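The following features are taken from Swiss-Prot:
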| type | residues | note |
| --- | --- | --- |
| BINDING | 10, 11, 12, 13, 38, 39, 40, 123, 125, 204 | NADPH binding site |
| BINDING | 124, 150, 151, 175, 198, 211, 216, 217, 220 | 1-deoxy-D-xylulose 5-phosphate binding site |
| BINDING | 149, 151, 220 | Mn(2+) binding site |
């Protein structure tokens, strides 16, 4: 029986993964080694019971008593805290979904790779912060990383069986978010609720706001660089409001391979779960005649400066991605809290990158996880200072 673990089980990606696993037979088809979640211990316990999980872990130690009570008599072991989540990744599983949001997903993802199995990676921050280290760890341990972002899953599928030296360009698409038709002045005064109103995808608060600011697409550009190894000049993003084409790959013979699919994360998750084969996934089938038109346009970097910052990070490499992601997370925290404006987020990130760029770690290829975490700490501190300064000026 195939074994699996789901890290970030109670988030949107985790819920979709759980849905697909249950549809494929649940505990009759899979041995669930570990499930992890956050504060929603009732849902985590419900999932653990349904899958007969061996271990359920909440990231918050104060939630452990509630989780223990919810799983009493189930036979499922319980634990709490970030260290417990990392230790859960030490339990070997054939297939692990890494869906913890943010840099917190890096440590368990790295530890899971050391078992030489398959890691379905929805946590884009892992590649952004420590891409070279992550890919090297996978190679050294004979592990496989499958991208679960819809764009990178699309590129992965388009490249299947292809000679990558013949790839001229990789194009990932962006919906443009809720502000694609707003003026710069309108965007400047937007609220958290408005930033969360994504036109095509159903996502959590943080990723919805990242999408609105195009920081999500900026992370994905860096992720493309780190996962596939293409030079920055071969990677670009275009705005595609319909969210039907997820990525395109252009080849040296002039041909372009495009991957089309519904705006449903279960497609990419299902591909990773069924890989190396394919299996039925309960998503809507495209009716191209009904869709009728697919449009594309260049993104406006004045309104979405995160894309420009991403190109600078792709060129610098080293630990610049760790600094970028850390600063972005702090800037997002401050926007959600109402301390800074929407457009201030990019300014905070740029100021933080400038502040830490002189540090010897900034351009260094990471050799240890500790170096990644050290740069993460430096950038968070710099971003806090930049955000606090802007808050005082409001």
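Glycine too: its Cβ is placed from the backbone N, Cα and C atoms.
Within 10 Å of the C-beta of residue 124 (1-deoxy-D-xylulose 5-phosphate binding site) we count 28 further C-beta atoms, all protein chains included.
Residues 124, 147, 150, 152, 153, 172, 217, 219, 223, 224, 246, 247 surround the recorded Mn(2+) site, their Cβ atoms falling within 8 Å of the Cβ centroid of 149, 151, 220, which are themselves excluded. Between the alpha carbons (Cα) of residue 125 (NADPH binding site) and residue 220 (1-deoxy-D-xylulose 5-phosphate binding site) lies a span of roughly 9 Å.
Fewest Cβ neighbours within 10 Å among the binding-site residues 10, 12, 40, 216: this applies to 40. When Cβ atoms from all protein chains are considered, those within 10 Å of residue 125 (NADPH binding site) total 27, not counting its own.
Around residue 38 (NADPH binding site), the C-beta neighbours below 8 angstroms that are at least 6 residues distant in the chain are 10, 11, 58, 59, 60, 63.
Note: the Cα of residue 151 (1-deoxy-D-xylulose 5-phosphate binding site) and the Cα of residue 40 (NADPH binding site) are spaced 29 Å from each other. Around residue 220 (1-deoxy-D-xylulose 5-phosphate binding site), the same-chain residues six or more apart in sequence whose CB sits under 8 Å from its CB are 124, 149, 151, 152, 172, 237, listed in sequence order. Cα of residue 216 (1-deoxy-D-xylulose 5-phosphate binding site) to Cα of residue 12 (NADPH binding site): a distance of 16 Å. Neighbour count (other Cβ atoms within 10 Å of the Cβ, all protein chains): 26 for residue 149 (Mn(2+) binding site).
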